[in-house]
Ligand code: 5GP
């Protein structure tokens, strides 16, 4: 059985990764979603083990020390990380898995899983990203300016990714990601190993 494919969906903060991923979950229920660990408090309606594994700082530190996380990063004062075992298990069962994580974590995963498929979610324009960050609500001008400069730096990381998907409309972005998944399954490399095996068996049978 061939291994599943690891997909990483990342991009600048404010681009809508969470919303696109939630829509993707509805559209592609057979795709496995990695549930991250975090030290941030649950928001209303969020469930432990469904949206995140909610951890204390000590519990999270223990996960780091025991190498239980594939990657982790600090984001706005909280820790976020990807539990390693679940990713490994899913891939070895031949199933695809998707991680929705911020850019620093995505770069760390890239170092360990060069064969993964890295998708960068883009805003339609920088101006649009600015509107989305400002539109989030009640933050001070200094915080908005900081978030914006971070978002611009994050946009510069696009060249580390395999694909860029513009998040102009959630449904369109989901369709593009669905197409990427299909295309990755059609890569010839995924067939070569199995084909060679079949040819060897055929040759051996001929020789008998
Ligand atoms: P939120 O607190 O809004 O759910 O997530 C904040 C940010 O953390 C988002 O950009 C999200 O993609 C990112 N994030 C969620 N889980 C992980 C994770 O396991 N690792 C990393 N590096 N980032 C994560």
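FYI, residue positions are counted from 1 along the chain as it appears here.
Using N, Cα and C of the backbone, Cβ positions are placed for all residues, glycine too.
In the three-state DSSP reading, residue 15 (ATP binding site) counts as coil. Residues or ranges marked as ATP binding site in TrEMBL: 11, 12, 13, 14, 15, 16, 17, 18.
Look at TrEMBL and you will find 4-182 tagged as domain 'Guanylate kinase-like'.
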For the recorded ATP site formed by 11, 12, 13, 14, 15, 16, 17, 18, name the remaining residues of the chain with Cβ within 8 Å of the site's Cβ center, in chain order. 121, 123, 167
Residue 16 (ATP binding site), number of other Cβ atoms within 10 Å: 18
Listed in sequence order, the residues of the same chain lying six or more positions from residue 15 (ATP binding site) whose CB sits under 8 Å from its CB are 121, 122, 123, 129, 132, 151, 167
Just the binding-site residues from 11, 14, 17 whose C-beta lies under 6 Å from any atom of ligand 1, please, or none if there are none. 17
Are there any residues in the same chain, six or more apart in sequence, whose C-beta is under 8 angstroms from the C-beta of residue 11 (ATP binding site), and if so which? 17, 103, 120, 121, 122, 154, 167
